[in-house]
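See below for the structure under consideration.
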Amino acid sequence: MKGGCRSPGLSTQIHPSLRRLQLCRDRGPYGKEWEKAAAGAWAPGREGTGRELPILTLLCPKAGWAVTPEGQMETPGPQGWHRQYAKAGVGGAGCFSREGHGEQPCQLGASLVPAAKTLEKLTTSAEYEVTPDEKLGEKGKEIMTKYLTPKSPVFITQVGRDLVSQTEEKLLQKPCKELFSACVQSVHDYLRGEPFHEYLDSMYFDRFLQWKWLERQPVTKNTFRQYRVLGKGGFGEVCACQVRATGKMYACKRLEKKRIKKRKGESMALNEKQILEKVNSRFVVNLAYAYETKDALCLVLTIMNGGDLKFHIYNMGNPGFEEERALFYAAEILCGLEDLHHENIVYRDLKPENILLDDYGHIRISDLGLAVKIPEGDLIRGRVGTVGYMAPEVLNNQRYGLSPDYWGLGCLIYEMIEGQSPFRGRKEKVKREEVDRRVLETEEVYSHKFSEEAKSICKMLLTKDAKQRLGCQEEGAAEVKRHPFFRNMNFKRLEAGMLDPPFVPDPRAVYCKDVLDIEQFSTVKGVNLDHTDDDFYSKFSTGSVPIPWQSEMIETECFKELNVFGPHGTLSPDLNRSHPPEPPKKGLLQRLFKRQHQNNSKSSPNSKTSFNHHINSNHVSSNSTGSS
């Protein structure tokens, strides 16, 4: 599929095709496929409601059966997925849906009324998980009284009496974060049944399919506006870009086709793209789009304007951070590693240059070029990484699993506190062999900058025997989280994005090299592209990635503006298959040509034929101009 892939090539603000939502008027080829996808979304996701398909969860009982998300963006739920709570008023037979003016009651099926009642329970349970430990008991009693007491008007009957009794007993003994997990599972089991099947036959699922159709529209370079160069990667430059349709900013990583072919980097490039596509984490840069141009393959990624950790460690005053700041970054890096490891992916290149800050001071792991997915129950071998950060088992070319990442975390914590890496002094000129020898044979030195807890966690993470290293047992990241160094870190709140970073980048500052200091790539000569490369390009250029694309629609409020139904819960025109589609609006140039044609017709009747020929020849360009 050379020259373009899938996603909206839309205009500034909101493109007419997005505004009309005249998408798939019947379920067409995607109906069965997305019934399966929707069914899969009911399985409790590791990252809470809304992890799998954000827009689906706004159009179904799992995250809210209200027709449209009337509420504003609320506090993110577990693992950082933004939930847009629909303010559903359950009374008699229905909820509320938004139409052009105000709210109107929307009639739901008999099974959907109790489904709507479960919305508040699910969202409140998510809030309970991020409640500070000292307030768990109080919050738990509030939930029990409101939802699990038979006399309550919003009593959740789908939770059995035995389960309610067990939950109440646990609350009286000692409340914990997982107190309501079984109750939530019971609610999910209920929603998988009749409410879900009724949803599949509703106009809300038809609307979901419309959004899926829009999500699959072709992506080309015209989907974006390109801005300044931010840096360079192994195969090309990285620049800022903006989606024309929504205004969302991203970073575009260009991989030059000839440079990839010359270096035989096809498998490496495709591996990075596929891993980025698989992982959805607030602590790892997300892939939103993948497309191709004539000369390059492009990855459109989360933009991180705050610079990298290396810049902040060494270029912002004295080298290193206060321990509080180092702890916060270490916790977020650990969460990112946990999300990668959950997919059985080992990162293998943890270093300050690869940790980026966003506008708010939160970090993400970037550059997954050396990451690899480990086959289930297997180990891998490979001497890859950066000098001074590679684990002993990597240097010795031994087989390993996820252990190198915990070694890398130890190196990072040490460097953030000390202001230099553990096995090489700052600006020290030393051969690679000497650095490798130090990693294998010498112990790191700790200065007065380290507290006992910081020293302890570094020693345990920098244990040379991978089998004895912290985090390398069955519990993985959970074991590291329990270390006294993280004693005061509430990971649930951190994962929900509810903790403020200790440092917020100045929006007026530029935390990277001047654009003139970024070295230019030389022209690649002697490499020809041919049809044998097309298979690789088609695997790479797959268009928009569902979760980031849907999140973009929600965050930029395109979803809120467009997801409108008829009055009193009736079909909107775009969902009524008996209505013909609304004709597309003519572009500006086409309207001007029409006006000129009318004027010319009055003055010169013989000009009609030549003018019509002129209009037809400009039809394509006028349409594209009108939507730009």
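The first residue you see is number 1, and the count goes up from there.
Positions of Cβ are set from backbone N, Cα and C atoms, glycine also.
Database features, via TrEMBL:
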DOMAIN    127-209  domain 'RGS'
DOMAIN    224-486  domain 'Protein kinase'
BINDING   LYS262  ATP binding site
ACT_SITE  ASP349  active site, proton acceptor
DOMAIN    487-552  domain 'AGC-kinase C-terminal'
REGION    592-628  region 'Disordered'
COMPBIAS  599-628  compositional bias 'Low complexity'
The domain 'Protein kinase' (224-486) [mean pLDDT, rounded to integer]: 94
Distance [Cα-Cα, Å, rounded] between LYS262 (ATP binding site) and ASP349 (active site, proton acceptor): 24
Recorded positions compared (LYS262, ASP349) - highest count of Cβ atoms within 10 Å: ASP349
DSSP-derived helix, strand and coil totals, residue by residue, for the domain 'RGS' (127-209): 56 helix, 0 strand, 27 coil
Assigned conformation of the residue listed as 'ATP binding site' - DSSP reduced to three states: helix
